[in-house]
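> Here it is, the structure in full.
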Amino acid sequence: MPAKDDTSSDKEKSLELFLKIGLDERTAKNTVANNKVTTNLTSVINDAGVTDGCSRTVGNLLYTVATKYPANALPHRPTLLQYIVNSKVKTTAQLDAALSFLSATGSENLDLNKFEEACGVGVEVSTEDIKHAVDEVVEENKATILELRYRVNVGELLGHVRKRLPWADAKVVKQLVDAKLYEILGDRTAADNEKPKKKKEKPAKVEDKAAPVATSEKPLEEDLNPYLIFPNPEDNFKVHTEVPFSDGNILRCCNTKALLEKHLKATGGKVLTRFPPEPNGYLHIGHAKAMFVDFGLAKDRNGGCYLRFDDTNPEAEKKEYIDHIEEIVQWMGWEPFKITYTSNYFQELYEFAVELIRRGHAYVDHQTADEIKEYREKKLNSPWRDRPISESLKLFEDMRRGFIEEGKATLRMKQDMQSDNYNMYDLIAYRIKFTPHPHAGDKWCIYPSYDYAHCIVDSIENVTHSLCTLEFETRRASYYWLLHALGIYQPYVWEYSRLNVSNTVMSKRKLNRLVTEKWVDGWDDPRLMTLAGLRRRGMTPTAINAFVRGMGITRSDGTLISVERLEYHVREELNKTAPRAMVVLHPLKVVITNLEAKSAIEVDAKKWPDAQADDASAFYKIPFSNVVYIERSDFRMQDSKDYYGLAPGKSVILRYAFPIKCTEVILADDNETILEIRAEYDPSKKTKPKGVLHWVSQPSPGVDPLKVEVRLFERLFLSENPAELDNWLGDLNPHSKVEISNAYGVSLLKDAKLGDRFQFERLGYFAVDQDSTPEKLVFNRTVTLKDSYGKGGK
């Protein structure tokens, strides 16, 4: 019998460990299949000290910690685990509250009193307390309960009880609510078990009014001002952060009265923010949130937002990316206060570095990258850390003048190598690179790091609010340490959660692979979540900004937002702005035998569902001729009760035109392939069939309708979170793009221009693509309709 490989053995050990903590077998096996969650859960179990097992209740809470713990608060995870194993945090509600509190706290010092208060530690809720709350909630909702009986939304009732008693045992709450309902209503009747009847709709109703999917209800944040949480510039005198040092000292960073007064005099008290992309790739939907935060706050407070290119790496910058970023920022509806480059400040940054050395806060180091990594892991000082200031000044000048080889020296900040925060491990301020800079030319051969430059430039530009995503929170200490060391103005820093959208990847490295390895058709491929891709797909900046606003500016990290929420906002926008038209993707010829070839009837089709009869601009003309085309999928040889398309001997309505009845089917020699349908129309319109089909027709005898190409897009990845997969490229959806080259459209479309958007009835919303030519238009499907006609043979 062959020996098991190490991987198989490790998985068996992990499975055994997970079963010990009470996970059910299915959950345990699914966890083992996910390397990231396996690593996290194993670490949590070890840190909690329960490798020999624990109760199922504790195990389930540990599993939640492993999958949902906020990355910005890792220093506090051991504390939470002890609260769990000691049964101080013992319910899901308590754990959710604890995770929320820790996410807001981040890497700052944890106030245990506030933590315990926030998650209900020590709060005991008796059964009598729960019974009293249930009685109150049921009484308040009694009229609804009596009307709907057992069809009442029990979840809402439970929610009302939870608001009164957030730490109550959920099982007990459910049992008491069920008992109270039985007390009032008695046994269920047959009527209670019937599904509520829905109002019957016409089968071919066009999507007149888009509604959100069940998972995408319009959140309250959209109706609030998301910028109310930010302080005014004149209030920027409080302690920004505390930086604990390994020797026991604590640095409390804040602006002096003189620094704040100087800043306010320079700005006139205006809010100034900055949007600082690195020009090394195309912006994606995550940047849309950053723009909404940075530009949005400035606009809300009548201030200004810099568009600042963080171009400290001369090898990564491309003019293509700079041009794209400027253009896409404008397309998103934002107007920069000024466009600046970090390289504009290279001279000032250099002078600040010299001053930092003079103050004893920086030194020239000769360690290699590997040595720096090793010393950081061991928390050891560099051998050159305590060299004389004069020596570092001379060597830094030699670095500037090009006298030292690339890789032989760096300038490092003298922070705290024994700190608990790895972002205080003597970060590099300057590196040598003998590479001309695209913006600054060949003046410099030393370039500042992001950690050194961005906070100083924030101060130079008098930025009032420096806003960034949560992964930068641990850098807050080094940010303020540097500004304090130089004695210059300190902006207010605040971190918010990244925007993570399902069924896509957004890391620049992964996006670059998709593009360079030709998995997609460039940075603006409509399947990508780049802003260029979303624009090409037909999405509007209004819809994208509404989506971002709906997410709110929160600190809850790690949440994966369903792409359906974005699609909801897109439908809401396009439903109001996209005129209707008809396109047949897979045409099936229908010959109207009781209409002469040259006797086409002109009919009015609506551009808008609420078009008024006296408004000619709300309609377009289409000919109803003796040759029309319907979707091939709207015809069947065998009719059925629940089918609303066309079949032999059956009638349907051609939208805006007449009822037609199939009288004959012409088959090919194989007796299977349908070549054409023959039908008669009812000029009196007395026939009232249920099915309504979209269609196009020959504009004149023997002349085909307008031929167009249509591209249908689906999710680029099959999994909700492909970024978590080891073989993420293997998760690509092979059917994410379907090209239909010979679709037919109504003549209304012939003058459509790049970017024009339409609702193709029963098919979805579409936009004109840049690949269109005078000979042939190309349309991209932006989103499907909320519902298709359903009964139209689709």
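Keep in mind that glycine also has a Cβ here, set from the backbone N, Cα and C atoms.
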> Write down the single range among 46-56, 277-287, 431-441, 552-562 that appears in Swiss-Prot as motif ''HIGH' region'.
277-287
> Please find, within the list 40-44, 320-324, 505-509, the residue stretch that Swiss-Prot describes as motif ''KMSKS' region'.
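Within the set 40-44, 320-324, 505-509, Swiss-Prot attaches motif ''KMSKS' region' to 505-509.
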> Per DSSP, what is the residue tally for the motif ''KMSKS' region' (505-509) in helix, strand and coil?
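Computed counts for the motif ''KMSKS' region' (505-509) are 2 helix, 0 strand, 3 coil.
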> Validating a neighbour-count step here. Other CB atoms within 10 A of the CB of D310 (L-glutamine binding site): how many?
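Here the count is 20.
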> Hey, what's the Cβ neighbour count for T469 (ATP binding site) at 10 Å?
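The Cβ of T469 (ATP binding site) has 17 Cβ neighbours within 10 Å.
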> Using DSSP, how many residues in the motif ''HIGH' region' (277-287) fall into helix, strand and coil?
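Across the motif ''HIGH' region' (277-287), DSSP assigns the residues as follows: 3 helix, 1 strand, 7 coil.
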> Measure from the CA atom of D310 (L-glutamine binding site) to the CA atom of I285 (ATP binding site) and give the result in Å, rounded to a whole number.
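About 19 Å separates the two Cα atoms.
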> May I ask for the distance between K289 (ATP binding site) and D310 (L-glutamine binding site), taken between their Cα atoms and rounded to an integer number of Å?
18
> C-alpha of N280 (ATP binding site) to C-alpha of Y450 (L-glutamine binding site): distance in Å?
14
> Any idea what the Cα distance is from L499 (ATP binding site) over to Y450 (L-glutamine binding site), rounded to a whole Å?
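On Cα coordinates alone, these residues lie 22 Å apart.
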